[in-house]
Amino acid sequence: MATGAGWAPPRSVERHGAPRAGGGARSKSVAPGPRRPSPFPARSRPAPDNAGSADSCRVRVAVRLRPKNSEDLAHGADFDNCVELQPESKRLKLKKNNWNCESYKFDEVFSENASQKRVYEVVAKPVVESVLEGYNGTVMAYGQTGTGKTYTVGRLGKDDPSERGIMVRALEHILSSMSFETDCIAISYLQLYLESVQDLLAPEKTNIPIVEDAKTGEVSLPGAAIVEIKDLEHAFQLLQIGEANRYAANTKMNTESSRSHAILIIHLQRSSRIKGENCRSLSNDTLDIFPDDLPLVLKSKLLIVDLAGSERIDKSGSEGHMIEEAKFINLSLSSLGKCINALAENSPHIPIRDSKLTRILRDSFGGTARTSLVVTIGPSSRHYSETSSTIMFGQRAMKVVNTIKLKEEVDYEILYKKMEREVDQLTSEMERQQKVIKSEKTQLDKKLKESEKAFHDLRLTSNMQIENLEKEKCHLESAVKNLMQTLEEEKGRRNLLSEQIIELEKLLNENKQQQLENISKTKILADTSKEHEKEMGELLKLLEEERSCSSSMKNRMSVLQQQLCDAQSSAQLQESMAREFEKKLTKVTEEFTSQLQSLRKIISELISEKEVIYEELKSTQEKAQQEMRHRQGLEDQILRMKQSASDNCAEESKASCGMVRSGSGLGNAAFVSKSGKLREAVSGQRGTISKIFEEVGLPNVLSLLKSEDQDVQIHAVKVVANLAAEDINQERIVEEGGLDALLSLLETSENTTIHRVTAGAVANLAMNGSNQGVIMNKGGARLLANVASKTDDPQTLRMVAGAIANLCGNEKLHLMLKQDGGIKALLGMFRSGHTDVIAQIARGIANFAKCESRVISQGHRKGRSLLIDDGVLTWMVANSTRFSASTRRHIELAFCHLAQNEDNTCDIIASGGIKELLRISRESPREDTRNLAKKALDSNPAFLREVQ
């Protein structure tokens, strides 16, 4: 569900339809309030004339004559018809007597034989088709009570399609003409009761305020439920809920007299589009933001109003609270008549604020809506004055002219989606470019790292080679030094040997001289000379070896010197290569740095461009987010209203003794029976009881409850039980001491029949909220529990269970009900196995669980459910699928409400309730119950863990 605030347009484009000439006299229309200037130009086009008349903007009025009813036939001899129809000329003659009559012309005249289809096609179809084109419209029924307004407008006709009224046919027409892919339809159903606007789809919403926009003059009802519909079956369900919640009563003029004005508001939203050539008139700024076709949406509203009938107290027989209702009905109708008179007479002041009805219908008369009015009259002369007043109302309404206007609004949702797609495309393109830039940067970084690594490796290798060459050079230098030392040593030895040879030669010369001198020593000298020669040969040989070794050492040294030169040249070459590579690396690094700076510049430009785009869409996104949050809140309200509606529809069958359960914890809306046979039977029975009551008197009937004759007591209790079925008698019975007498019978009597009928009477009294606290304070729950424990009679147990079930619907009495044993007694009656008893048990548990859930959700109480201590949860898990569909619905509803309380989580898991909750969310025949079970599962983390 959503609230009325969600339909307020943020910005609109208006188109005015020019009224056409012809028809009745034209009055000055009410000037619309000041309009907020629109940023888009207004475009005009004439309104379509679907009715084929030239005065399409004038309020069109048709008159419908009701057939004679039983009361008219009964008085037919005394009163003739005062109305004569002339459908061919669209005229009506009103006869005051045989010689005085007046003729009136209307846009259409329907005889008593006119079909519902013809009435719709003539009165409502042109307005509906105009609404489909984007104009506001109103269809309204006005007339005396009992002349067929509700039949003409609000008849559902689900069983007989030919009986369908304007509401159903208009919805059917609109649904068949829409495309649900682009269009949307939603309804609100309200009633004006005692000058208080109440929601028929959400009965707890009362005294809804009426808000008028000071700039646009539009009237809205914030807080009223707006339900989106998709098919006719859904619309039927909502209309049935609204009909059940509407106040009605039985009067002398009408057995089902409406006591409130019913207003069905159909909100329609259809897509439209201004083509490119029409965008030329828009401002340049707007064209810069929205270069393509501008998406528009048509929003229109259709009001179908079933006014409560005007009545006279002396004729309707209203009394008590009904007199107050009739006073407010007549006051609101009188205010409407004053506004019509002022408009018809071109009065400078229109008393719109005298009534909430005229404020709601401000746009219908003298405003911007296309309006059709059907006035209903009766044929009998007994009601001549009322018929004349109704006809004059229609004649004055024909003089009112409306200036219809077409409103087109920019479809911000489609526009937002389009801009969002463009932003996504730009974002994806920017991300793609960023990825390309990132990949290129990654590749350059990789190449740079590889180059740095190669340069580092080359530097390490060069350093290692240089170190090795230096070590080898040092080693060669040390080897050269050693060789030089060895060569020096050899030179020293050779010099020493040369000196020895010289000395030996000297010695030899000396020896030769001595040989000459000493011939005797020749032989010795010869031997010595040989030895010296031998030693000299060895020395020469050794000298040759030393020379060869020295030459080899020189050769090796030259080789080592050559290797050292080669290593030094290689090291110089590697150093030059490293310098060249370092230069190339520096150049690559500079190129990469310049590319990186250009890429960063491109990225900054893209980011600034993105910021500009986001800045342009900021206001649109904020509005869209607010609307999404608002829609989410509205969806939550829709779920709660569906739950409330399903609870109101889940009523049990009525008791055979005439007890009508009009109030319980599942809904306190007024109930009006639609079954003819049941109404006649109940009416006859109540007529008999009322006759006894009038003849004997309530105190005398109550005194018979103390009679010693059991038969007398039984009959007296039956009379009291039937009287207690009437709301008007319940408080009087309690005030006269009837409740005390009934509770005394429950406590003292041992007769099963007395127990059964007395329990039924207490159940009827327990339907009144003020009586429930009195029953509990006087120990009524304890006495009922005592009777339940002593008897096995199914009918008695059914009455006792029904009484306790009604008490369960009052959350203020729950703790006292539990302390007095009411819950244990209710669960203990399951032993009977009787279907009706079990149905009442399930209803009572559902009442208790729902009221307790509401109190806990409002924060008035915390903790585990009072039902769990008495074993109700285990019983529901074990028996949830064993009974009839209606009983199962009550058990499933109670189970879902218990699951809403987080303090019950452990008990539900321990009892195996998770499987049952899953079954309800998937298999329950009611959608609202399935949604409630899904909500309990999704909102509780412990449940989700158990499910997983």
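Keep in mind that glycine also has a Cβ here, set from the backbone N, Cα and C atoms.
TrEMBL assigns the feature coiled coil to one of the listed ranges (241-282, 409-450), namely 409-450.
For the coiled coil (571-637), the model's pLDDT averages out at 74.
For Thr150 (ATP binding site), the Cβ neighbour count at a 10 Å cut-off comes to 25, with all displayed protein chains included. Residue counts for the repeat 'ARM' (737-780) under DSSP, helix first, then strand, then coil, are 35 helix, 0 strand, 9 coil. Just so you know, the Cβ of Gln144 (ATP binding site) picks up 26 other Cβ atoms within 10 Å once every protein chain is counted.
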